[in-house]
Amino acid sequence: MAEPPAARRAVPLLESELYFLIARYLSAGPCRRAAQVLVQELEQYQLLPKRLDWEGNEHSRSYEELVSSSKHVAPDHLLQICRRLGPMLDKEVPPSTAGAASLLGAGRQSLLRTAKDCRHTVWKGSAFAALHRGRPPEMPVNYGAPPNLVEIQRGKQLTGCCTFSTAFPGAMYQHIKMHRRILGHLSAVYCVAFDRTGHRIFTGSDDCLVKIWSAHNGRLLSTLRGHSAEISDMAVSYENTLIAAGSCDKIIRVWCLRTCAPVAVLQGHSGSVTSLQFSPMAKGSQRYMVSTGADGTVCFWQWDLETLRFSPRPLKFTEKPRPGVQMLCSSFSVGGMFLATGSTDHVIRMYFLGFEAPEKVAELESHTDKVDSIQFCNNGDRFLSGSRDGTARIWRFEQLEWRSILLDMATRISGDVSSEEERFMKPKVTMIAWNQDDSIVVTAVNDHVLKVWDSCTGQLLHNLLDTTAASLYGILQKAPS
């Protein structure tokens, strides 16, 4: 009869001790019959630790002899060893999820992991996207540093959101350096826009040209021609298929981003185009683009997503209660249901796109000078308006009407000393912005001061002077402490 394989090989001491500890553990538990069978096989194949005499010769021992000579080994000795292994290893090589002890763990949770397995891992957009949805709920330990901005944006493209406070650390903006300086236009450039992926940059200039640049190396990709006057505004469709440019020649031109071929030439204004917006709202393949003009009109251009064809005639709203009124700015709400516009007659006009056709639903008259900046928040139905009357207002739709919180640029924080220039200068709001989670708003004033406000209460939180203005970007990305 052939000898069993186990008997033909020399069993290492550690392995034979493990056999003994397993039998010892089973003998004190509910599996005593299994322990008896195991002990018989261990003695039969001489797998138990052997005894050495004074000359170094080995002698086989029975299980009972081994138990008698190893009284310090308790029945749960193997279990106690296993319990201590995890915490000891966690101190040396941290796992991906702390506190989750398991003998069956794999990868970075395995008890066989090494420092090489848990070294710093380079972030990928897919990994960051997984964190957005809470799986895993915490940033893994092996991701020692926050992801870079490129991977953050790729993850945001996959999920449509970005929730981590580490996504845009304020300290990152202290290390911003000029990536590329390009002389690409023959005249001043007043319009700049990114495409929806961030890989391309569009510039509109007073030389009547729109240029497309690579965001990675600054290489010129294409030049879009056709306008005969300065480019006043640009917009990129939410599907990232079209770019539209408005001009002081009263014409809107649309190009295909895939081929750079002209798609439409839209003539609906009798004055310069002052703002241009693609609506994020979708009704099947039907989309809208909105333009405002110095002729006091708001034009809704309907177009088809599949054919890329624009209606030659817009749905036009002429807002001229008196001669000389100009529409200056516009902004869509999240989802594109509402459009807010500002004008030189101090009135904010609201349009609703939820009906069969766009309709004007409100005129808000709270400013006393022209409204030249307006911006909806990132999440919700609030919007911010800025005026040359020295105030900004945070608007919200409550109880079937639009109500506002006044932000007076003359407000001061206790302890601030006004300069001689500020005492004689009438404050005017020049730019406005929301932070990422809409908890604060920032207003730029013509006295070279940036004011930071609580968006819920309207309380002035900070004044950023020339030396601290560079921290605006960090404040826009995180709520105040």
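Yeah, the Cβs are placed from backbone N, Cα and C, and that goes for glycine too.
Listed in TrEMBL:
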DOMAIN    5-90  domain 'BRWD/PHIP N-terminal'
REPEAT    182-223  repeat 'WD'
REPEAT    224-265  repeat 'WD'
REPEAT    266-302  repeat 'WD'
REPEAT    364-398  repeat 'WD'
REPEAT    429-463  repeat 'WD'
Looking only at the repeat 'WD' (266-302), report the model's average pLDDT.
92
Structural state census, the repeat 'WD' (266-302) (DSSP three-state):
0 helix, 22 strand, 15 coil
Taking DSSP states H, G and I as helix and E and B as strand, how many residues of the domain 'BRWD/PHIP N-terminal' (5-90) are helix, strand and coil?
53 helix, 4 strand, 29 coil
Within the same chain, where does the repeat 'WD' (182-223) have neighbours whose Cβ lies under 8 angstroms from its own Cβ atoms, ignoring anything closer than 6 residues to its ends? I mean 6 or more beyond.
153, 157, 229-236, 238-240, 243, 245, 247, 255, 257, 260
Take the repeat 'WD' (364-398) and count its residues per DSSP category (helix H/G/I, strand E/B, coil), listing them in that order.
0 helix, 20 strand, 15 coil
